[in-house]
């Protein structure tokens, strides 16, 4: 596998001072660990019709979606005072296809069909995931906020200050399609086009709509993944309790998410706090110049205008 990766086109990100390298495989850019996971899943993963995928482009609301899905499916075992989310960060509650293949396969053998998260492009999903009619939840977000969140996440991982990591260079690379799991627009287009062919197995959630009024989206999510709320639960405020438990304010205040590590056993473990920066929409306005805004808006219209998805 490493021998194959060595032969691929590669790009060292200039805004990260060459501390982060991406490899291009089948027209998609990925860092080495995700690429290895993709190749391995292509070879060994077999989807089950009961599997549910939580798909997203990185920094589009993945952490929040995972927390909500986990709280929804485990609410009969735990409430908002006993949930594992109080002591375990969301990424450790829902397995990632790119990194947790053995755990996912073990769950399948034990008939434990918990949601599976992924940042794969639709075309990069193992064939069985695309043909077995698994349900797919796709969360998407304003492209400008994605760029800002992506920029801060990576620069903090490689330990660079804002002054050391030029934001305009990050924007330029992103607009060239060079980003982890990029190009961004191809990621969205793949899932959107697939949803036109099989609308019954897709649920699209918009981050900004969820922030504005989370109740309808949480109800849709619960219905879609097969764990609908009963009228009694709705009257008892269970939906609101789950939303509060999974809120940025709650999760970011927990000790595990302030001082813990994600995958501490690995050489490239990440501080949990890096997954909780601001948790709001519109922060891009503090970073983008008028020229950058014009550039991004033109790109969105050109690449994604036909989808009808509001991404700017």
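A Cβ is built for glycine as well, from the same backbone N, Cα and C atoms used for every other residue.
For reference, Swiss-Prot has these:
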| type | residues | note |
| --- | --- | --- |
| BINDING | 59, 60, 61, 62, 63, 64, 141, 149, 207, 277, 278, 279 | 3'-phosphoadenylyl sulfate binding site |
| ACT_SITE | 119 | active site, proton acceptor |
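Feature map: Swiss-Prot annotations on the structure.
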residue	record	Cβ neighbours (10 Å)
59	3'-phosphoadenylyl sulfate binding site	24
61	3'-phosphoadenylyl sulfate binding site	24
63	3'-phosphoadenylyl sulfate binding site	24
119	active site, proton acceptor	22
141	3'-phosphoadenylyl sulfate binding site	22
207	3'-phosphoadenylyl sulfate binding site	22
278	3'-phosphoadenylyl sulfate binding site	14
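Here the CA atom of residue 119 (active site, proton acceptor) lies 12 Å from the CA atom of residue 63 (3'-phosphoadenylyl sulfate binding site). The two recorded residues residue 61 (3'-phosphoadenylyl sulfate binding site) and the residue listed as 'active site, proton acceptor' have their Cα atoms spaced 12 Å from each other. Separating the Cα atoms of residue 207 (3'-phosphoadenylyl sulfate binding site) and residue 119 (active site, proton acceptor) is a whole-number distance of 16 Å. Taking the centre of the Cβ atoms of 59, 60, 61, 62, 63, 64, 141, 149, 207, 277, 278, 279 as the 3'-phosphoadenylyl sulfate site, the nearby residues of that chain (Cβ within 8 Å, site residues left out) are 145. Under the DSSP three-state reduction, residue 207 (3'-phosphoadenylyl sulfate binding site) is assigned to helix. The residue listed as 'active site, proton acceptor' is 10 Å away from residue 59 (3'-phosphoadenylyl sulfate binding site) when you measure Cα to Cα.
Residue 141 (3'-phosphoadenylyl sulfate binding site) sits 14 Å from residue 119 (active site, proton acceptor), taking the C-alpha atoms as the reference points. Residue 119 (active site, proton acceptor) and residue 278 (3'-phosphoadenylyl sulfate binding site) are 21 Å apart (CA-CA, integer value).
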